[in-house]
Amino acid sequence: IMSSTNKKRVKVFVRFRPTPNFSHDNISFDKDGKVISIHARKNVTADVVNNQMLNWSFKVDGILHNASQDQVYDTVVSDMTLNTLEGFNNTLLAYGQTGAGKTFSITGATENYKHRGIIPRAIAHVFRSVEERTDHAVQIQISYFEIYNETMFDLLATLPESESAATYDNKLTIVEGDDGSVCIKGLSVHQANNEGEALNLLFEGETNRAIASHALNKNSSRSHCIFTIHVKSKSRTDYDALSENQLADINKQVRLYLQGKTTEIDVRNLRQINAVFDQFRGVITEMEQDIKEGFKSKFVLLDKNGNYLGSSDGPVLTGRTEASGHGHATGHGHGHGGGKQKHPTSPKRRSGKKSRAGGSPTQLAQTDGAESTKKDESSISGDALLDEKNQSRPSTPPPRPVAFENFKKEQGAEIHRILNENKSHLQSKKQIVHNLAHAVNATKHMIDGTRLALERKQNERYEQGEFVNEEDTVIDEEEFQLITQLKNLKQTYRHDYDELRNVKSEIEYCQKLVKQCTQRLVMEFDNWYNESYM
């Protein structure tokens, strides 16, 4: 985990894949979950001296052993999500060998809503926190791309509103901005106004990744994917400008800091931070002007032929510009390297391939007879193979609906089971939403009725005259019960409404799972049908 709030080091958490046969003899960790010890067995079969190191110890920030998806998110990612909304950059990297559980931790599984990964939980957490920040205008954008063989592909380029034409035929490039930031040229960034739209973008990218992995013979399984949530937050409150006395105080502190007389500048809010930067720019500009004037009064300028220049304004600026330009060019060369390289698909290399592919007429004439013999042999063997295929496959393939039903019972039984479980879970959640909606509406009607009864009771008390005991208004038992009942009803309403919102979020995610499983089932059936009967 890497966060700009903690510049000291990268935090490391280790998650063990749950297994009933955990190797306690080789792996152990202390009680506080900060140290992992690895013990290797010594090879005693070879009759040689073996001084190989057998024990290792590693310090980490946390160990997640037999941890659930909820525990992983709360321990590792929850604080990062809140820091992102505060304006800090955060990066989460899942590292491990094939089959270690990286995809399960990051995106989750399609079998159960409880097994959803870090990305869906982070999306829900972000939008839930945005709803609570009513004093900020927050804009959420999503980008999703894949890296394979040092080539990047936009997984959201298939959307109609995408301005990116980067697919698996057009490559993305990394560029560096003027401020030192790194961005992907051609990568599409999509607006997400709510949790449902963000989940749609996630599942769209996952679908494109799954299709690409099949089209590329599952090469994409060894690829790397980067899912980015871009957060832009702006306060809705307008602040007054700093006074002249405050600006003068900041200017004084900046000058003392540049003179080395102080090591700190007193900053209390964001407005003062911006003012500090402005004062830094102003003071440094004044110092540059003073240095220029000092050089003009102490030094004599000569041109390239050694002749004295009477007016020093033009040559000073020209010489300074040339020097700065030369230094920039040198730094640019060192920063980007200076070796000669050839692109794998450069014209020179393609022309070389074409020249090697061609042959002389003499060589073609000499091989003509041999090739004709090989063609005859290959045609005979091809006919034999075709006869074998015709014998092994049925003459008339079964109808696709019948074959699909057989496929769901045999080769596609597992994914069909997962699809049915997701559908059943979705139906149960819809029933819960239906019940909660009725409960929320009923509670709202009860709140309205109780509020009207309380207002009538208060109006009666005002008409009859209030009773005061030691400056406290005296109310009767009936009015007190109405106040207590209204308070309890409001608490029930908030609880049911929050639960309704959470269940609706679960329904949106379950609908995406059902759609994803359906697409996977259809795609696997098409592949199986074409391989078996076509």
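Please read every residue number as a count from 1 along the shown chain.
From the backbone N, Cα and C atoms, a Cβ is placed for every residue, glycine too.
Just so you know, TrEMBL annotations never went through curation; they're auto-generated.
According to TrEMBL, the feature ATP binding site maps to Gly96, Gln97, Thr98, Gly99, Ala100, Gly101, Lys102, Thr103. Cβ neighbour count for Thr103 (ATP binding site): 15 (other Cβ atoms within 10 Å of its Cβ, all protein chains included).
Residues or ranges marked as compositional bias 'Basic residues' by TrEMBL: 329-356.
The annotation compositional bias 'Polar residues' is assigned in TrEMBL to 360-370.
Sequence annotations record features per position, and here TrEMBL assigns domain 'Kinesin motor' to 9-258.
Look at TrEMBL and you will find 310-401 tagged as region 'Disordered'.
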Tell me the coarse DSSP state (helix, strand, coil) of Ala100 (ATP binding site).
coil
Apart from the site residues Gly96, Gln97, Thr98, Gly99, Ala100, Gly101, Lys102, Thr103, the 8 Å Cβ neighbourhood of the ATP centroid comprises Arg17
Smallest number of other CB atoms within 10 Å: among the binding-site residues Gly96, Gly99, Gly101, that is Gly99
